[in-house]
């Protein structure tokens, strides 16, 4: 037995080479579409397999299992699930703007329901799909061997329509991704026709025809025109898409809101579930219920809390909190005609498509021209046969080598003789001279046209235009499938601030947060704290008086701010309440302070490293549960204070037991960061700060009573100083309060 050859190689080099091969495989053979036909290899192989099975629009359906079997057996040696999922998506009217497959059976729903098993469903190609493979049998594209060299598959499709932009594409490769939304085919054809007539046109000229994406699920794009144009110019950007809704009047002056279209790629069932959860958690007090009345069309009914609610405000609150408004990404990363992936702008994609179509027509014309020349040679032979039929028959019957005799007698080629010898006698007898002459004349006319196309650049582009116009006529705005579904509406998002608190009854409450992080609210102010019960080993930490309409600021020890609506805090005198971790994503961090939000209020932030800064309260409002990072805290330190600025001076004291007092004007106002040095230390940390008015003196609580120091001259200094020893009687824990 021959011994295996073992080669020693560097592991790092081997790993990098194999990873590079894998990365290139995912980019070129799996995840990114080709700019010319807009297809990935799995799409191309699937559609070509269906063409081979003759699953044309006017033919019968075949089981999807049969189609998938042919694809994975002949062209695509991967799992059947991946191929079937691809087939299903190409048939879903809510996934593709122009479906390429006509499915029969359960192909899933916009609710996220899965399609039936492939043994139950059937499919065939759509008319627009046939345009992708039109003239594929006329040598218009190159073919290559399949994975096992048993068959051939097309490298690219002829693509008579711009499928990449019409249906869009998405995929994630190694180190790159693509996300191209669908567009309206009529508008794309207009842009292509203009580009043929005006080769020097720019993106701004093209954008006069292409308004923006056209999603299969409709919706409303609310971005401004300049934002949309900027995205198409760079090939990267995003679009904000809102659901389409209408107000339905009911009896007694009541109404309900009906959502008829939702953003692209949003599952309706999950959207309704999202709204229902927010409704249960009292995050959207403007509505009372939501229900799904959808059939073949989307109909989601939202009932307002009462008829006094403005439907526009109701919807603005839902747009802000739910996927009724969604952001669709644009990343036009595709494989170019040179097989190099890159991000293209919309003009480059259209130009690549036009060049592709020009090459297809050149190859098709060349192929047809060669076929015509071959047929003309045959017709020439047939006319000779017609005029000399008896002589030819006699030569065939009498001579041992009729081929040579016929070639010499009639001065024709060996190929032409083969045509004569391979023609049946019955066919020879039926020859008619006028039919041969007519066909010869017609073919010569066609030959002249094709030669003119190949020689004349303008004629070639006229054919491209003619075919694009034919596609536009068949799938234009006047057709059911071609009518634009997504509309545009500029919305000034800066003015779309929904004050939900306006719909909450204003009532006084007392918010209590324990040391263990349990928070609750009690009705009224001046609450008898002795009646409040806590969990075993727990006690109060923060007690603040607020109103149900207030926003509550929660500051963590890591400098992150969280915002809660006071009305959403659990109510009741029972032990505990609700853990703060269920309301905000504070993690295992401690709570530094809890404050009632007041607009444009200055807050002083300080960390144990001795730094701090002023921040406007408007800058710390967090819109999500994850909060907003305001103060950057180094590892090993924490945010020790967040205080409203209600004085002209600040007192700082740390582990070094040095007290420093300086004017609060020395501290800068910032939006976020670490801040500036408040008090300097050597191997110590800042423990506490206090804001006060200099004329009132500095006070502190020693645990028994409030102490006051009127003469603070000895402790005055500049920001960033070390400070001096505090007054006699200052607490030994170096804090202004116990």
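A Cβ is built for glycine as well, from the same backbone N, Cα and C atoms used for every other residue.
Database features, via Swiss-Prot:
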DOMAIN    32-496  domain 'Topo IIA-type catalytic'
SITE      40  site 'Interaction with DNA'
SITE      76  site 'Interaction with DNA'
SITE      78  site 'Interaction with DNA'
SITE      119  site 'Transition state stabilizer'
ACT_SITE  120  active site, O-(5'-phospho-DNA)-tyrosine intermediate
Take the C-alpha atoms of residue 40 (site 'Interaction with DNA') and residue 78 (site 'Interaction with DNA') and report the distance between them in angstrom, rounded.
14
Between residue 120 (active site, O-(5'-phospho-DNA)-tyrosine intermediate) and residue 78 (site 'Interaction with DNA'), how far is it from one CA atom to the other, in Å?
21
For residue 120 (active site, O-(5'-phospho-DNA)-tyrosine intermediate), what is the secondary structure by DSSP, using just helix, strand and coil?
coil
Say we define neighbours as other CB atoms within 10 Å of the CB. Which of the recorded sites 40, 76, 78, 119 has the fewest?
119
Using C-alpha atoms only, work out the spacing between residue 78 (site 'Interaction with DNA') and residue 119 (site 'Transition state stabilizer') and round it to an integer in Å.
18
